[in-house]
Ligand code: S3P
């Protein structure tokens, strides 16, 4: 499908929005609710395709889940209450859901099969199979990919050293560890998002993180109990409008109640280092940090990012590229080879799409180099999401700086994480609730 994009450059983006709930927290809230005793209520749950894949999979595993708009009620089955599904669990496009469920299902007294769409079926699954095997799990992959057959097994204690900096893999091990006989320790390469650790503790479990921020220990001997939570706005969704307001002259946008977990806010650090105009107003919130973000147009400086910077900004690297494409100098991103195994090979799709804008960008094996001083000269080719939600949204934001209308193919992918993206963009283009 192809979509006509906008009527050209707006006179700035203006107004206040509340972005949908955090994808990572929505997945985890459902899974922990499912294995808790009692009821879990998730307000501001992300009702996007990826999280609905998790919701449907858990229903197939015998969990009673009701949804009313963005409020979800999970009647937990308790730690030993999941049942075998009678069909393979179709995880759609959702990498996080697949890897986390692999961990959750590894220690169940029944077998499961996970399948997914064409993109998910090409993403590496050995990264969960190997560490879970150290706990005694039995996962059979298809040439390293989905379909995945899980033969449920009793799991035992282990100390697992991870080969990739991945919160999905860490979380798979921790969720499996909930069903092991003794404490599980995970040692990360670099600290990654810690929502699983925070949520297990919020549900009454016990996870501790050592001072090095990389060594995490889970004690399985606590019963989890249902919770009522409000999911913070997804900072990865807010990042599209942080970027839009930063690069479209005359903009002033406020994003309310955004999750500000420090393992996720690399984009704020990047914007601050680039000379962006962002003000953070924290709000009181138990569990996950939360706040409002005010952002205005700014003339940006270039930036250099290396491996240690990447986990906190992993999903926002397409936007870092876009910001760099407007900066007054040469930016470089290195150590980001994980981008090659996302919903698309994002190094390649970022480079392909930004080249269509006329951006001076060079592909590296582990990142890219961008000279932002060159004026954009769009080639006129239609932009494409390549079936990747974040690439589609990156290009929709980029075109806000163009005078001429453009087209985007594969726009449907945006519903994977941000179903109300176009409404929010229109609202800001039309200056809803203009700010001073
Ligand atoms: C996620 C972790 C990250 C991120 C993904 C969500 C999570 O993936 O890119 O969008 O919720 O754990 P990796 O763990 O593979 O880096």
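The backbone N, Cα and C atoms fix where each Cβ goes, glycine too.
Automated prediction, rather than curation, is the source of TrEMBL annotations.
The phosphoenolpyruvate site recorded in TrEMBL includes 23, 123, 168, 346, 390, and the single candidate from 95, 144, 367, 415 that the record places there is 95.
Annotation: 168, 342 are the binding-site residues among 166, 168, 342 whose CA atoms are within 10 angstroms of the CA of residue 95 (phosphoenolpyruvate binding site). The most densely surrounded of the binding-site residues 23, 28, 123, 346, 390, judged by C-beta neighbours within 10 angstroms, is 390. Ligand 1 lies under 6 Å from the Cβ of the following recorded positions, listed in sequence order from 24, 28, 166, 168, 315, 346: 24, 166, 168, 315. Neighbours of residue 390 (phosphoenolpyruvate binding site) among the recorded positions 166, 168, 315, defined as a Cα within 10 Å of its Cα, are 315.
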